[in-house]
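Trainee: So TrEMBL lists the following for this protein:
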- B:15-423: domain 'TRAP C4-dicarboxylate transport system permease DctM subunit' (DOMAIN)
- B:21-42: transmembrane segment (TRANSMEM)
- B:57-78: transmembrane segment (TRANSMEM)
- B:99-115: transmembrane segment (TRANSMEM)
- B:145-165: transmembrane segment (TRANSMEM)
- B:177-197: transmembrane segment (TRANSMEM)
- B:248-265: transmembrane segment (TRANSMEM)
- B:286-309: transmembrane segment (TRANSMEM)
- B:321-339: transmembrane segment (TRANSMEM)
- B:346-366: transmembrane segment (TRANSMEM)
- B:407-425: transmembrane segment (TRANSMEM)
Amino acid sequence: MTGTTGDTLATLGRLSPAVREALRTECARLADEDDAEFGVRLLAGTPTHEGRDPALLRRWATAATEFGAGLTGRARLPQPRVVERTGGIERLLLARYVSRPAPAVELFTDTLALGEELVDLLGWRGWYPAGALRAAAMAHEDAHRLLHDDAALKRALRERLGHTALRFGRFRIAAHVAGADELAAHGYAAARRGLGRSPLLLTAALASAVRALAQD
Amino acid sequence: MGIVIILLMLAGVGLMLTRKLPTAFALVLLAVAIAAVVGAPLTGENSIVDTVLQEGAVAQAATMLAVLIGSWMGKLMAETGIASTLVRKIVEFGGDRPTVVALGVLAVSALIGTVTGSAPAAMMAGIIGIPAMVAVGVPKTTAAGTILMGIAAGMPFELPIWQFFSTTLDLPVDTVRGFMLKLFPFAAAFAVLFVLVETRRKGVEHAWSLAAPAHDRRRDRARQLGDAPWYALLAPLVPLVLALGFELAIIPSMLAGVLYALVTTTRPREMNKRLLRTLYRAFDIAAPPIALFVAIGILLAAVTLPGAVEALNPLVTAVSPGHPVVFVVVFALLTPLCLYRGPLNVFGLGAGIAGVLISAGIYPAVAVLGLTASYNQVFGVADPTSTQTVWAAQYSGVSPQQVMVRTLPYVWCVALGGLIVTAATQL
């Protein structure tokens, strides 16, 4: 276990019993939701989807997640440069892919450590094995690299979602669905790392944990 | 006496920079002080009360009305979903190519920038445009800069700005329009260059974030309204086509835009209510610039008093470059003085300096137009104290200073272009 993890354990350990119990209850409620619902929420909160039918968002969320899961059979990308940072909890970041100056994946070790501890606290190890969050973060950013580098893949995602920007007789331009690539990346990460539940569930639980830490 | 006025101006800048006084109050105080030291009588001709305060306060009335109508149209475009639909369509068409989306948002921002300016324009384009750009991988500082550069690209066609320069510099609107047409290619070219260079230089970013989607009242409102019809999206072009193409006066052109936005989006029985509601809300938006225009009018009246002109003439003549090349070099180097509410900010003390330059006969009014309009392109984008820059930066999650550093080289070039055009054609 790294020093950072130890620090974070101490941080979560500082939660009062009442706040910890409230966090457990909140996360149990999150776990009762089905995975697609988290996708719907992500899309609903993404600009350009104001006023969209929730059923349509659910269809898009499911299609994008499945599309991402289907990418696991593709050839592996070369290992990117990995940069480990702290300060993720403060900035509410778990990982980040940057394409310049050179493609790199930034992993926020404090957030990852908090995630691991949270999984233990909530008894979610069956869904998220030890070290799975870091691996999922790498896979998630791999998916962004795949989509970023491959125009045909991006086109295929648009076609899978079936949203139309412009139709003129038989001529049709498939519309970009903002947020779909993020869901595809989560779908890819879950499938690639064999997670029992969507990474979005753990993301929501982590957000609750950070709020609890801030309140306590 | 000229030195005393300069010292008073420096004190005014100090008050504004240190935020001891709001800009508008500082300008009024400065105006009264200048009038007093040049020996203006309390009442009567060229006096403090009748000339500086009374005539000066209403000197910019046409500009104030144009700003109010611009805000009204902006409010209408926001409430009817015209602005959000424009941005949404851009994202849907160009979505997985960050540069295309940023260029699209830039174009929409420019269109909105022709209608209204400042923070309301940034909000109209940015509320959806900024998170939409970030969602497709555009880095946050680039996203904020894109909105601001877009608005600035539209600024040469912002009709209230035409009215402002026309009134302030006592120039016909035709002359203002003529210069703005020459300035526009620089503003547009460097705005496009900003997007192309910065999206390439900074690449894309995708974050696995814990942040819950932000709830915004405007977005909730857009949720209720849905998309505006395609023909309503032409609304921002209506005033522009009328004023530029048909040379119609500014206020009627803008009123026509308001009417077009209304009739293309609103059921007849709801028109009266919506028109009044958006007009009243526009007063809130327009209040800060209107207060500033009252103060600018007062300051201009003070610095153009005969006593002030007489006192400042030798000083300003001594330091103002006459040779076109020196004019360009000196004023290009002084460009940063329009930042942080500095002395060359045309919506502050810069208006007073412009008044001095004209009334003292240092430069022809049209050259002062070139100078101030060029500086305005810098102030409108890169000033970390201007409301649109602060809003766009904070909404993107970066600091206004980061936006300033990223955008300043581009807008400095725009100003340089404007100064070169001015020197080549007017000196």
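The backbone N, Cα and C atoms fix where each Cβ goes, and this holds for glycine too.
How buried are these features, and what lies next to them?
Mentor: Mean pLDDT across the domain 'TRAP C4-dicarboxylate transport system permease DctM subunit' (B:15-423) comes to 88 in this model.
Within the chain, the transmembrane segment (B:21-42) has long-range Cβ neighbours (under 8 A, six or more residues past its boundaries) at 1, 4-5, 8-9, 11-12, 15, 48-49, 51-53, 56, 291-292, 294-296, 298-299, 301-303, 305, 307-308, 310-311, 341, 347-349, 352.
Away from its own ends, the transmembrane segment (B:57-78) comes close to residues 84, 112, 115-117, 120-121, 123-124, 158-160, 163-164, 166-168, 218, 221, 235-236, 239, 250-251, 254-255, 257-258, 261-262, 265, 274, 278-279, 281-283, 285-286, 289-290, 293-294, 296-298, 300-301 of its chain (Cβ-Cβ under 8 Å, at least six residues beyond either end).
Sequence-distant contacts of the transmembrane segment (B:99-115) (same chain, six or more residues past either end, CB-CB distance under 8 Å): 70, 73-74, 77, 83, 86-87, 90-91, 93, 121-122, 124-126, 129, 132-133, 136, 138, 142-143, 146-155, 157-159, 188, 191-192, 195-196, 199-200, 236-237, 239-240, 254, 257.
Same-chain residues lying 6 or more positions outside the transmembrane segment (B:286-309) and placing a CB less than 8 Å from one of its CB atoms are 1, 5, 23-25, 27-28, 30-32, 34-35, 38-40, 46, 51-53, 55-60, 63-64, 67-68, 70-71, 118, 164, 168, 347-349, 351-352, 355-356, 359-360, 387.
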Trainee: List, by number or range, the same-chain residues at least 6 past the transmembrane segment (B:407-425) whose CB is under 8 A from its CB atoms?
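Mentor: Hits for the transmembrane segment (B:407-425): 145, 148-149, 152, 179, 182-183, 185-187, 190-191, 193-194, 324-325, 327-328, 331-332, 335-336, 367, 369-371, 373-375, 377-378, 380-382.
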Trainee: Same-chain Cβ contacts of the transmembrane segment (B:177-197) under 8 Å, 6 or more residues past its ends?
Mentor: 99, 102-103, 106, 110, 142, 145-146, 149-150, 152-153, 155-157, 161-162, 243-244, 366, 369-370, 373-374, 377, 407, 410-411, 413-414, 417-418, 421-422, 425
Trainee: Checking distant contacts: for the transmembrane segment (B:248-265), what same-chain residues at least six beyond its ends satisfy Cβ-Cβ under 8 A?
Mentor: 62, 65-66, 69-70, 72-73, 76-77, 80-82, 115, 159-160, 162-163, 173, 228-229, 231-232, 234-236, 238-240, 242, 271, 274-275
